[in-house]
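Visitor: Okay, so TrEMBL annotates it like this:
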- 333-475: domain 'RCK N-terminal' (DOMAIN)
- 38-61: transmembrane segment (TRANSMEM)
- 102-119: transmembrane segment (TRANSMEM)
- 139-157: transmembrane segment (TRANSMEM)
- 225-246: transmembrane segment (TRANSMEM)
- 266-282: transmembrane segment (TRANSMEM)
- 294-315: transmembrane segment (TRANSMEM)
Amino acid sequence: MVIEFNISMISNLCSLMYHSTERIPCRSLDLPYSERRWWWFLLASLTMPILIGVPLLLWNLMQRAMEYLAKPDAPRKRKNWQSRMNMALSTIVSDQTKTGQFLKVVGFLVSVGSLCIYLEETSRPCMDTEMCQPWFRNIWWLVDMNFNTYLLVYYILRLFATNQKLRFMFQPTSFADYFTIPSSFLAIYLHRNWFGFRFLRIINLGWAIDLLHRWRILKNIAQVQLMRLGVTILVFIVSGGGAFLMLECNGDPWNVENTYQSNLTIWDYAYFSVVTISTVGYGDISAVTTVGRIFSTIFIFVCVIYTATLISQLARLLPAPQRYPIADRNLNFNHVIVCGHVNYEMASQFLSDFYDEAKTKEKIQIVFLHPDEPDDPFVALLNLYQTSVEYIKGSPLNDADLERARALNASACLVFANLRASDPDADDAATVLRVLSIKNFCPKIKVQVSVIKTSTLNFLRKYPSIDLKRGDVIFCFKNLKNGLIGINCRVPGSATILSDLIAARSPAETWPENCPELYALGRKMKPFSVPFSSSFWGLNFKEVAAICYRKLKILLVGVYETFEESGEQSNFIPNPGSSFIITELCRGQIICATSRESVRASIYCDRCHPDVNPEKMKKCHCQRWKMKRKHKAPTVKISGPDKPNINVPEASFANNAIDYNMPRPETSMGPRSSCYANSMNKRFFTDRRPSFTTEERMKLPRKSLSEAVLMQFKRSISRPADQAEALMMAKRTKPMFDSTGMFWWTPPQNFEDCVMSLDQAAIRIFSDHMLICMLAEGQSPATGIHDIILPLRSSVLPYEDLKDIVILGNAEVIRLEWHFINTTPKLYIVEGSATVIAALRACYIDRCNMCVILSGGLSATKIDTSEDLVLADRDVIVATLNIKALEFTDTNAPDSASHPSYDGCFPYLYGTEIPIISSLEYERSVRFLSQDRNYLDFRYTFAHMSGSVVVSAALDSMMTSIFYNPGLAMSFTQLIYGGESTEFERAFAEGIGLVGGESGDLDDMDNDMGVNWTTISSNSRRLKIELKLMSMKHEMFQRLEGLTYADLWSYALVNYDMICMGLYLLERDTEEKKVKKSHRGKRYVASNPPGHVRLHSSDQIYVLMPSVIIQPDQ
């Protein structure tokens, strides 16, 4: 009966549409063709999963029942037919096989084809969701049926290939098959097609993502997720448009004729879906049917919830919006890469220092390279310097990031260390890896590296790609800070001079009211390295220094020798004296206020600028400047007659009030009396003469330090025991130098023999000693105490002037560094705590020459610094204030006859009189040790001006200063340790320490135990330097009282080859202001004061003695 009805319907339909090839809305036909058949399609779609799922469910239940009823000993096959079939089918449909990929590609193409057929039908104005037409007149219905036939087969293959069949049935792609495959077959049978849920075929677009990822077109997971997100959004839009089209054009089932909408396409409803999702609702299109409105409400809620998830995914996948400017640079712009420890605090200080007007007017761009995004303060800083600074998110360990930073075209790369790292070893290890990566990527780039530990410093210096001749610079902050403490013990206030010179940023033009004017002017002084004018070629250093000071108003303190092939600075020679000849390969170390002033040494012309005001001096264009023949004289004179006294140009000293060539008193100048007496008649490189004829003397190593150790061991076992013991006793009783010749040395001492209890220390009665209070406890890292001790044992000091060094602290902590200091003469260890008053009194702190309060470092402190970082300096602050609160009596004052060092300055009656040097980490901690106002820069506090504190923050500008003056680190190291030797730093880096060298016999000494450097043997070149603090009461200078500082400077240069660097002054009352009570009797530093300053008998002078170089043995 049904078949007869269908045949008659087809015949009637064909007769009606015989002459038409267009699809006709079924509701426009007469009965029975206008009857709704959409529920047939819906029922067929719902029946498909039921017909598949019920048998699968029954099959699973049957298998479970058979397994339950089977006997335990029943044999089971390892592989049954089901598992074999699953394996075979999974091999066929898997994306990992060519067959599986081919099947999926075909499935994707036929899905797109089926979707295109649907979109073509719904792109016309919709009059009805059911379209009637004989199937043989609509070829696209046949094509769609064939497409769905393939998809049905592909679905069955995938279903049987999976082990989770029920889960597979509820996947989104499975629902697309349920609502599209049955409809295509039913359309052929009913000669009508229903739009229905055919839009779900768009879900199969996700197969393209799997294929592209499998073919490596989408290379990373971010690209996959981003494309999947785009497909999901497209699915929502098209599905919403198809659903609204189906509901609105079909009408409410209970009132179809009065509720359906017509003449709208799927694209109109797709637009309506977007408007609905965005909750905007313009009102041009709206839902009319009740079911459409209900669906619209549900659709909004679902989309809002899902859209929130999509937005969060999109935010993670898409690149973050640029919060800071990115400069558009070409490949050849002049820039410097900054990496390592980069944060807001570091960058803020670095940029303000780097772009200081006093440094240079050359515009250099900064490129920060760091793996993290900058925080908000950092972004604000980048916007402030947006024309000069660029930030690149990346790592120097990645070559691609170095390429983005244009490392091949960079002028230098600065690698910063975290000076306050809780784990210095880990931070230095990261620094080493950064440097190695940078050098591997670009071996020719200049690197400037800061490290925390000495071992890291020497490891990098031995790396093949590190070449000092090309301008690479590596320095250690801890060594430099501890060295400043050591030199400050020997030369009070010198740490302030050197640290102020390091400060890259120029101070403000105004200074606090209570700050001495001479100190504020000295703070403006900075070191500059400049080439010499051709007018200076052929003159000796003494003549050039006089012209620079008297005419150019700048201070020349030393000379850099440069590599002729690269032009980079090599050796620095402070005050080389009158025997040093200036050539075109020399650069001067100038101290002045601005770079503009330092250029005067490069543009000076003795023809054009004899009487020109230095402020108005400009580069001349005379032939002398352009065509002067280069002077090829050697840098130093090695032979020839003694040079007579220099004749400084008359104009240089026309205004002098004294005769600088007056007869000089025969005075002792300490350890260098033989070198500096008649220094103008001495040659720069001292002559060699045979020495060390005594067989018992320790000889210097000729090849390496390890051979020196082996030589000592062989000698000890090659002699009879009594002779070896006698030799060792002889060594212990006479002064000796180490193998580098830079320090006084004693044979290694046993730790237990040097440790004293408090009672033993009290009996010992120390006087005029150096007291080092170590606050480190427990498992503290190495404090680097040897860097403090070495300047106090420099060989430039006479042996008898070496002061006892008493270390008060935890013996176990000191034991960790004992192998570095066990060869130090006159060294004592007192076990105790510097926070205990009794221990301080037992060490006779009231009679010490200097007291150093040394912390254990940030990584050793157990204090919670989350509230304020200043708490890290708590122990040092408390210990310092405890000492200042002490009071003493003079009942135990030593007898001056029995204690020659007693000069009436001690014992002190109050703790405030004791000279103290406190080692601090943070600049804000200084205010607790000074009574100055809290808001002041720590450099304007009297504690810093007097040299009683050494702050790590004072070295924060070191990287910038070294960038503009690469030889600065080397020059400071020479001033601190009193010289230079190629073996010195390697000895400590390799854990050898100081090795014994020459003995200081009396026939190798001058008067007052001064070293006669002409007799010292060496296997490498050595440079001997001394920074000295001399009193105006000294017989050399006492006649100059009441004259000006310029007179003193010229007198010291002409008569003694000394370079005066500044004054150490007592603060005095003036008419404008009175000295604070707490500052009375205290001294402050005045670096390179103006020449008109009047001298007082209480003043002390910082002088740089002439350098001496010892040639290596041939």
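Here the Cβ of each residue, glycine as well, is placed from N, Cα and C on the backbone.
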Visitor: Mind checking which residues reach the transmembrane segment (294-315)? Cβ under 8 Å, same chain, six or more beyond either end.
Guide: 225-226, 229, 232-233, 236, 240, 243-244, 247, 273, 276-277, 279, 287
Visitor: Go through the chain and flag residues at least 6 beyond the ends of the transmembrane segment (139-157) whose CB is under 8 A from any CB in it; none is fine as an answer.
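Guide: Same-chain contacts beyond the flanks: 89, 92-93, 103, 106-107, 110-111, 113-114, 117, 120, 133, 174, 177, 180-181, 184-185, 187-188, 193.
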Visitor: Tally of helix, strand and coil residues over the domain 'RCK N-terminal' (333-475) according to DSSP?
Guide: 58 helix, 30 strand, 55 coil
Visitor: List, by number or range, the same-chain residues at least 6 past the transmembrane segment (266-282) whose CB is under 8 A from its CB atoms?
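Guide: Non-local partners: 119, 122-123, 126, 199, 236-238, 240-242, 244-245, 248, 296, 299-300, 303-304, 307.
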Visitor: Give the nonlocal contacts of the transmembrane segment (38-61) in its own chain as ranges (CB under 8 Å, at least six residues past its ends).
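Guide: Counting only partners 6 or more residues beyond its ends, the transmembrane segment (38-61) has Cβ contacts under 8 Å with 129-130, 159, 165-166, 169, 174, 177-179, 181-183, 185-186, 190, 194, 196-197, 250.
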Visitor: For the domain 'RCK N-terminal' (333-475), report the average pLDDT of the model, please.
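Guide: A mean pLDDT of 88 is what the predicted model shows over the domain 'RCK N-terminal' (333-475).
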